[in-house]
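Worksheet for the structure shown next.
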């Protein structure tokens, strides 16, 4: 377990946890078609920690992330970002929260094709109508190694470069927490390793909090902590993971879910 | 393949609705117009054949050719009526004494006098039962003696007459006053379609329209089973061949129907024009929609190709889809067209100018047109994109991003567009030096404008980039939403251009028409003002009748009148041409006619002397001091006239000015005046003065009293039509552009679901999304407007320069108000069009960003 290093650049007063859920449930449909995607999940993400959420397909890991990030509504339970309880927020406040305090990295990169790399990176700030902190921006950009590609459009960048832009976009507004949804899912192993390296560096060097959903044990190996989900329930958790240990645990989960 | 096509048609309902609407509107306009035209023609025909129902043969007098000697009294007298009644096969012979009479309404104004051919008069000729079956009485009694008349119920209602009223009317020169004693009914289509009917007793009508004891026609009804043509032959044998003739009723009905139809055909032109324009603009919408539909389905088509569909099958699939869609839309459009046709008569009829009532007549033409237009244009519109679709390589199925148009394609487009632009622009510019608005020049101007429009549409995708970058400076003020809106509009310049093309065309048309209309209007205004110093002009209706000579003195004595100058109008034959001559008293006209003399002056104008307009002088090759041979009016002898002056062309003065004595002596209506130009004290124009002048003219319905504004309005009469046309086009263009933008935006929102999801996820609120879509829409609208305005103004300038040759006072005058209105309407269209797509985009969940596709 890495203690959260004090960083003068940390944007929000610390409570120790960047985000937390308690008794979080998410139910789709009703009656015969009722599906419980999340079943009373309570989990906390410590500041300055890199967490990976793992589990077999359909275990609810993406749903957990969507709910924790305020992208999706919850059926019951609570979600907090810092000290803010999301269930009390309206759409506008939720939107502002996402804009100012959460960063996103998607599997499909999801850059805006009409904007240049730099414009994509500063998009959340532009939406908020704020000027980017130049020093910070340069630091982020040079960290992901995009200094020479800022004027390019996504169509002119490789997949790895696009995802690096996405990482920079997530970091640019200095959010309390960054959520990554299979950030390496569309990348080859080399580009994937680069992106994961950046995410780990952002945690180590910038004190960023990162939560990532993945099904790749190698990706999970970059995290400080791995939590395992199965059938919508939190089933296990592992500190200082290595790909091998994660793989073993996953195999066990797989057989468990198949036999259950 | 048909099943695949059917599935595709039904797959996206919103898209379906938009495309169907586009086709539907075009078809509706065309069908509505055609059905309306056929129905009104049929109604006229029906009305006309009703007029002649039961009339087998009509006998009318035949007049000797003019100049062949003294006119003999008519041959149609009571004796002939009796003789005709004896002819075998004749059931009855009924004489008539018809003519025309113009009435003043109860308010003292001429009643429905705009169409002289429908101001009818007739004699009340009772049959054996004591009633006139042509004019059955509905109220009061038949007129007896010269002091009484009856009118038909329509006339009574329009004129506000009641039995016992004194009605002022005129048939030729003198004003008559008669007491209204009865109201009759008539079926005559000329009267029911917005005319008037005055009925006199027999002696009065005969005196007015024939000669005492004679009739103007005799209608003969046949016994059942008699052949009309044979009967006409038998009757002809009885008639004095040089003085009367017999015509069958059927032939007359046809003739009258054709005549009324021709006179009212103007009603059809405007809707037809609208139909054409809406179809033209609408076809862009259809083409655009299909292009988008096909490009959205690129992957699907590539998949079809990958699993073995041939190119032909793909093309056929898209075409089948178009046929199905065209059929559905045409059917809907046809139904809508019938609706339009049934409300058009109500819209076009005014109490002054009524259209005959009749059932909707649906001939084969509108049906064929609906199918041809609806299905034809849709299939044509689908054909191009379908060929493009067929070229989709199977590998495309695996790619996600759209391919931008190749550089070669845009270079070809640029070259073609520039060539068209040069051709159109060159043609127009070359005309600006033209001296006259000849047919050929006008045709060249038209083709120049058409080339210009086509060039603009071809070039629009290329112009979209720089123009939208420019407008982006404005939208950029809205921060990132404005920036995104601009970039989205620029994403596919071809789509943007195609979406804007409806606005380009309609804005160009409206702006061009507005500028030309405004400039022409002001020119006419100046022209009328330039030539006319008078405040009122009193003239005879149609100019064929004379103003009672006493009028001039009475007018001069009217309170408020400073001077009154009577002018004798006639024609003058000179140098092989017939020209208008105005006989004036040089001392009196200085005040009322503004003449600019190039050489000479009016001072010496007198008997045997004339002044010429600059144009006539140029054509005759004479100048002041020269002589021309001419003969005035009915004078058969050519006389030498000395030219005392040459003046700038002047619509009030006409082509030649002569001395009043000369013209009054030789004119066709001797010793009369045709116009009185009136100058009031302090140039005052008021209702009191006008009423005074009308009274001085004996309140004759045949005399018109017009102030300067009325004259200008009359000269600008066709401009009112232009205005209607303009606003009609603006409305059509707006509706179609609205549909087009909604269509494009809806599709592009659907295309960008994920992107919008991302924006929502990274913190753009719903209002921001809505603003972004709205700004994109406004950007497209502004682009179309800007391009259209530029094209329209250039076209108007070029056509205007041409007009300048024909109309001296013409100069380019921009109607700022109208142009501003056009811009506002277009931008509003943009905002309105964005409403639904923006709401849809804003309701997208941020989860769309992570949705699996």
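Counting starts with 1 at the first residue shown.
Glycine is treated like the rest: Cβ placed from N, Cα and C.
The structure displayed is predicted, hence computed values, not measured ones.
Under the heading domain 'MacB-like periplasmic core', TrEMBL lists B:17-237, B:496-695. The domain 'ABC3 transporter permease C-terminal' annotation in TrEMBL covers B:272-393, B:729-846. Feature annotation from TrEMBL assigns transmembrane segment to B:272-294, B:314-341, B:361-384, B:415-433, B:445-468, B:496-517, B:725-746, B:778-800, B:812-836.
Per DSSP, the secondary structure of the domain 'ABC3 transporter permease C-terminal' (B:272-393) breaks down as 99 helix, 2 strand, 21 coil. The domain 'ABC3 transporter permease C-terminal' (B:729-846): residue composition by secondary structure is 101 helix, 0 strand, 17 coil, according to DSSP. No contact links the transmembrane segment (B:415-433) to the transmembrane segment (B:725-746), because fewer than 3 Cβ pairs that are 6 or more residues apart lie under 8 A. Counting Cβ pairs closer than 8 Å and at least 6 residues apart in sequence, the transmembrane segment (B:725-746) and the transmembrane segment (B:778-800) reach three or more and so form a contact. Confidence for the domain 'MacB-like periplasmic core' (B:17-237), expressed as mean pLDDT, is 80.
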